[in-house]
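Enquirer: The following block contains the structure, expressed as structure tokens.
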Amino acid sequence: MSQILDLVGIFVFALSGALMGVRKRLDAVGMLVLAGMTALGGGVLRDLVLNVRPIAFQSLGYVLVPVAATVIVFFWHPHVARVMPAILVLDAAGLGLFCAVGTEKALEYGLNPLHATLLGVTTAVGGGMLRDVLAGEIPTLLYDRQLYAVPAMLGSGAMAALSAWGLHGWPATLAAAVLAFGLRVTAMRRNWRAPLARGVSE
Amino acid sequence: MSQILDLVGIFVFALSGALMGVRKRLDAVGMLVLAGMTALGGGVLRDLVLNVRPIAFQSLGYVLVPVAATVIVFFWHPHVARVMPAILVLDAAGLGLFCAVGTEKALEYGLNPLHATLLGVTTAVGGGMLRDVLAGEIPTLLYDRQLYAVPAMLGSGAMAALSAWGLHGWPATLAAAVLAFGLRVTAMRRNWRAPLARGVSE
Amino acid sequence: MSQILDLVGIFVFALSGALMGVRKRLDAVGMLVLAGMTALGGGVLRDLVLNVRPIAFQSLGYVLVPVAATVIVFFWHPHVARVMPAILVLDAAGLGLFCAVGTEKALEYGLNPLHATLLGVTTAVGGGMLRDVLAGEIPTLLYDRQLYAVPAMLGSGAMAALSAWGLHGWPATLAAAVLAFGLRVTAMRRNWRAPLARGVSE
């Protein structure tokens with residue numbers, strides 16, 4: 001079950017990477033690289049920090065799903081772009097899932113709750129940041145004032161808290177993922193915005 | 001033998017990094033950083049994924065060769081730039097060698113053929129991508145439509161296939177490297193181009 | 001003692017990251033990400049190469065100090081910017097300390113003096129380079145011709161030499177750090193400049 005959810009998250013993140021490739025007029029290779037980086041980058045960073053072999057280099061699906069997403073975007077990107085609102089919701093689901101699963105794995109490897117939360121957020125937002133840097137842009141989440149990292153932070157923190165209270169297993173993971181997902185979707189709908197430093201005009 | 005070929009590949013990659021430094025009007029430190037990143041970055045990424053200490057931090061030659069390449073470019077870069085056509089051929093040799101050796105090392109550490117191929121390509125193209133990102137540019141291989149990553153992919157795949165068929169040792173490595181090299185040189189000569197997504201005009 | 005000095009270095013590096021965030025008009029999340037990357041990035045890279053869990057994910061202070069630096073810059077950045085000359089001196093202290101401590105840790109993990117020096121320099125300058133790349137700029141130290149990496153190189157080399165001569169412990173670390181710090185401050189005062197490649201006009 002969590003394996004399937006994980007692959008859904010990877011698929012959605014890979015779509016966003018491949019679409020960025022189309023927008024920047026990259027070729028097929030560039031689209032594939034951005035798709036793979038977006039989908040797998042956060043998990044690879046997490047596993048490098050945990051000092052284990054990245055899961056992206058152990059499981060077949062982790063390689064095939066970004067390839068499939070790239071093929072779909074290559075041939076049908078106008079349709080994919082048209083359903084972007086739906087994709088943004090799926091992306092929020094991927095964000096929620098990745099932060100919950102990332103935090104859980106970090107706790108399993110013995111990190112304390114604070115560092116596990118930090119690593120969960122890294123898992124959730126790392127791939128998107130790599131995508132933006134490779135595409136020659138400042139990572140969106142650094143400046144666009146949408147709440148993207150903050151829901152991941154709260155979801156990861158919730159996962160760490162639940163675990164500290166002895167609540168483990170997929171219900172806890174799902175609860176943390178749903179919290180981050182709900183916050184992210186609400187932030188989009190209500191247009192909640194991160195503050196600028198005091199005195200910096202909009 | 002493979003040690004010498006490896007150092008030749010590092011030398012050529014370091015030349016391309018240092019030349020990029022001259023083109024971007026970086027100072028001597030910037031030239032050295034770009035030379036080192038280009039030459040060693042791919043191998044460091046590979047070894048981090050394999051969870052072993054990067055070979056660049058174990059062997060003397062891996063540090064000295066980029067320094068030597070930087071010194072040469074610092075004093076004689078107009079001559080080096082003039083022989084760029086020859087350097088592009090040497091770069092293709094480096095690409096072939098790095099993808100074959102990278103895939104071989106990944107297989108030795110127990111990755112399956114698909115993931116070993118992926119890691120071989122990472123070894124071959126990772127350094128150049130880091131060079132471009134540090135120089136403030138979108139990595140060339142994402143947009144320039146030349147076939148650069150694709151020959152590495154086929155060379156890595158051939159290495160993994162030969163190994164799966166029980167063919168090991170330097171003849172197999174050399175065959176895979178020559179395949180990638182030949183494809184890369186042919187792609188340059190015939191100006192083969194990677195496709196853009198459907199409907200994106202040139 | 002060295003723990004406190006380490007946290008001072010992290011604090012100063014985090015200030016410089018958060019200030020870069022204000023300058024680029026990033027939001028609060030972007031300021032925090034840049035602060036954390038600048039402060040912790042070099043040490044994380046070092047620990048990944050050494051194949052150990054990054055210290056930033058083990059110690060509470062390493063997470064809290066960048067948060068504190070971001071809060072300070074968020075509310076009082078005009079004052080912080082006004083004391084930038086003092087901060088540049090503190091940054092030089094951080095540079096000296098990070099290169100000495102980084103080299104020492106690399107030697108402890110069995111790297112030879114040359115590679116330990118290289119890793120010490122990576123520790124000292126890696127965070128600032130990540131900050132610049134994330135902020136969409138070419139890393140300052142690649143082109144601005146100030147001597148920034150060179151003092152780190154000499155400090156790291158001194159640390160490795162002292163250790164090779166049997167001198168260990170905090171007096172040796174402090175001596176190497178003071179050397180790099182002194183060279184960096186002198187380079188700033190006298191405006192020493194790194195050379196451009198021969199024939200490249202200023």
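All residue numbers here begin at 1 and follow the chain in the order shown.
The backbone N, Cα and C atoms fix where each Cβ goes, glycine too.
Under the heading domain 'Glycine transporter', TrEMBL lists C:4-77, C:89-162. The transmembrane segment feature in TrEMBL is assigned to C:6-22, C:29-49, C:55-76, C:83-103, C:170-187.
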Enquirer: DSSP helix, strand and coil counts for the domain 'Glycine transporter' (C:89-162)?
Expert: 60 helix, 1 strand, 13 coil
Enquirer: Cβ pairs under 8 Å only, please: of the recorded stretches C:29-49, C:55-76, C:170-187, which one is richest in them relative to the transmembrane segment (C:6-22)?
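Expert: Per the Cβ under 8 Å count, C:29-49.
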Enquirer: Do the transmembrane segment (C:29-49) and the transmembrane segment (C:83-103) come together with 3 or more C-beta pairs under 8 Å, pairs six or more apart in sequence?
Expert: yes
Enquirer: Could you tell me how many residues in the domain 'Glycine transporter' (C:4-77) are helical, how many are strand and how many are coil under DSSP?
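Expert: Split by secondary structure, the domain 'Glycine transporter' (C:4-77) comes out as 63 helix, 1 strand, 10 coil.
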Enquirer: For the domain 'Glycine transporter' (C:89-162), what's the mean pLDDT in this predicted model?
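Expert: The answer is 94, the mean pLDDT of the model over that range.
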